[in-house]
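According to TrEMBL, the features are:
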TRANSMEM  18-35  transmembrane segment
TRANSMEM  56-81  transmembrane segment
TRANSMEM  101-134  transmembrane segment
TRANSMEM  146-168  transmembrane segment
TRANSMEM  174-193  transmembrane segment
Amino acid sequence: MAGSIETWYYGLPYVTRFYLSVCFGSTLLNTLGLLNPQSLYLDFDLVWQRFQLWRLMTCFIYLGSFSFPFLMQLMILTNYSSRLEEDPFPGGGGPTADYAFMLFFGAAVLWVVAFFMDLPFLGTSLIFMIVYVWSRRNPTAPVAIWGFRFEGLYLPWALIAFTVLIGGNPMMDVFGVIAGHLYYFLLEVLPAIKGWNLLQTPAVFINLFPSPQVAGGAVPIIGTRGAAGRGAIPQGGGYAWGTGRPLGTD
């Protein structure tokens with residue numbers, strides 16, 4: 001059992017594994033009384049006046065205390081994040097570098113939103129951005145929510161509708177959609193309709209996350225799920241408000 005968990009964990013793509021670890025770790029440390037969320041939330045006054053720059057990043061890693069919604073957030077992060085990271089992007093830097101830049105771009109957009117909306121934590125919005133980008137890159141993948149089946153393109157809207165139906169506030173999800181749509185539009189839509197490639201992965205991300213090399217200098221395709229191309233059907237997954245599980249297997 002322990003071996004299978006270890007194999008699964010180290011089989012996750014690098015960025016996904018790191019993000020999953022820090023999200024789980026922050027909640028665990030808080031539960032043990034070793035970490036106060038007050039040191040993690042985003043406060044621009046503290047960032048600029050007291051140079052607490054870490055808050056720009058830590059506001060994305062705390063997803064709340066241990067609970068069923070927390071576990072669902074980790075499930076969706078593991079599922080959709082790993083698929084996106086393994087599926088090559090048109091950013092030109094390799095799957096991991098491009099994916100890391102996608103998260104940074106989303107974080108930057110959400111910082112702007114947080115500045116005007118006074119939002120302390122942004123992790124759920126960043127995860128919803130991942131869901132949105134996955135849905136646009138896998139529009140025909142079968143998805144199920146509580147027995148209702150539809151294509152992946154409609155997954156974000158189904159989640160938002162469900163949140164509204166149970167009396168929740170979908171605004172954090174909407175902010176994730178905004179960040180995800182802006183990224184997808186600049187990366188794939190605008191180049192297709194105008195030929196403008198405005199969003200390229202910076203060299204710093206390529207240097208930090210180089211593509212793995214094989215003999216002869218070739219760059220292998222990362223993961224069989226990424227190699228399967230757009231529309232590959234993910235296995236497992238979920239969301240804090242009950243997406244159920246995408247159908248099919250790799």
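A Cβ is built for glycine as well, from the same backbone N, Cα and C atoms used for every other residue.
Long-range Cβ contacts of the transmembrane segment (101-134) within its own chain (Cβ-Cβ under 8 Å, at least 6 residues beyond either end) map to 15, 19, 23, 40-44, 56-57, 59-63, 73, 76-77, 80-81, 83-84, 89, 91, 93, 152, 155-156, 159, 172-173, 175-184, 199, 201-202, 205, 234, 239-240. Long-range Cβ contacts of the transmembrane segment (18-35) within its own chain (Cβ-Cβ under 8 Å, at least 6 residues beyond either end) map to 12, 58, 61-66, 70, 73-74, 77-78, 81, 103, 123.
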